[in-house]
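What follows is a single structure, written as structure tokens, with notes after it.
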Amino acid sequence: MPSNKSVSDAPIIQFTNCRILREHKLQREDLWVRDGKILDPEKLFFDEQGYADRRLDCGGAIVAPGFIDVQINGGYGVDFSQPCEDVSAGVSLVAKKILEHGVTSFCPTLVTSPPAVYHQVLPQISVHSGGPEGAGVLGFHLEGPFISSDKRGAHPERFLRTFRSGGTDDLMETYGSLDNVAMVTLAPELPHSQSVVSTLRQKGVTVSLGHSVANLSQAEDAVRHGASFITHLFNAMLPFHHRDPGIVGLLTSDQIPAGRTVFYGMIADGIHTNPAALRIAHRAHPSGLVLVTDAITAMGLPPGRHTLGQQEVQIQGPHAYVAGTKTLSGSIATMDMCVRHFKQAAGCSVEDALEAAALHPARLLGLSHRKGSLHYGADADLVLLDDGLRVRATYISGEEVWRAEL
């Protein structure tokens, strides 16, 4: 029977025997869920005289907010940047598979491509909530093509573009539409980029700086215009220099507007960033670190050749290279792997590692009122983990969507 029909007919679920991540600490207390949202037990008990319809014994597991991946290019043989008749089928496959890695929401990421690819792919995927069919889509992350040729990395040079003017003309000509776009990565040193940053922010699109040779002053100017993220810190940007630290200098800049936070993505796969560099970044600006996988088509596949956008990549052991080169081309890491490696390499707390994969990306995208935390009223997107931070089960809106086999 429902616990209190005057409030809701939905059953109340009580997660017991668990340690929940709340207020930056793992706390031994129960978690209550109804209608896909996290309940305040005091209001339930005293205002409603409610009780649990179902109790779930978590076996001492950690209960954390579901992970959010804001940079994932594909996986399991799917490349989000490859146009096809049914893009949604590929996105759905990846969305389903990443549940086992604790990811409950993600931003499908498109690397630099010709306009025809954006025009074909973007209209096929809309923002939607997750469920048993897979993780939710928060919107596309468009990484390019407005980036530096010198720092293009695995992005094909022939499709790079510059801004001929401010405003939306170049964006619309390239992308076709900004509907269902959550984030755009661009190089802030490109002419007219600052007015483009302002335009994107006015349209609710998060702006990230990356694949860039910008100096610190140019990066700070972009932040003043609304940029709030750095795409895969240290990778595809000028190296830190004591006279001009470049984009990396944003982590300790005193020119960040009051009340603003600059977040930065880290690919904690043990390959893209040396552990010492990871520790430097985390200790300089812990509240801004966002774990990303930057996973490509080959995530979950055996070694060999695979595609990434308009390029061919070679998987050799844990490395993904542009075929025939030693240029890194995304990763084959999963989010739970990144969480574990980050904790070990940075020497940080379990809480810090989990928040870098959930709370921080939610704050970056302006979604922390409903994602990334276990606060009352937030979406009941959960990941249950053992003490080794291995995923035991994943829940979306309080419903189990994946569980490890015993």
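Indices start at 1 and increase along the chain as displayed.
Each Cβ is built from the backbone N, Cα and C atoms, and glycine gets one as well.
Over in TrEMBL, the protein carries these features:
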DOMAIN    62-401  domain 'Amidohydrolase-related'
BINDING   GLU143, HIS211, HIS232  Zn(2+) binding site
BINDING   ALA154, ASN235, ALA236, ARG243, HIS272, LEU328, SER329, GLY330  substrate binding site
ACT_SITE  ASP294  active site, proton donor/acceptor
Environment of GLU143, HIS211, HIS232, the listed Zn(2+) site - residues of the same chain whose CB lies within 8 A of the CB centroid: GLN71, GLY144, ILE147, GLY153, HIS155, THR185, SER208, GLY210, THR231, ASN235, ALA236
Cα-to-Cα gap, ASN235 (substrate binding site) vs GLU143 (Zn(2+) binding site), nearest whole Å: 13
Among HIS232, HIS272, which are binding-site residues, the residue with the most C-beta atoms within 10 angstroms of its C-beta: HIS232
Inter-residue C-alpha distance, LEU328 (substrate binding site) and the residue listed as 'active site, proton donor/acceptor' (nearest angstrom): 11
Fewest other C-beta atoms within 10 angstroms, as judged across ASN235, SER329, which are the binding-site residues: ASN235
HIS211 (Zn(2+) binding site): nearby binding-site residues from ALA236, ARG243, HIS272, SER329, GLY330, Cα cut-off 10 Å: ALA236
Chain-internal residues near ALA154 (substrate binding site), provided their CB is under 8 angstroms and they sit 6+ positions away: VAL111, LEU308, GLY309, GLN311, VAL313, VAL322, THR327, LEU328, SER329, GLY330
Cβ neighbours of GLY330 (substrate binding site) where a neighbour is any other Cβ within 10 Å: 31
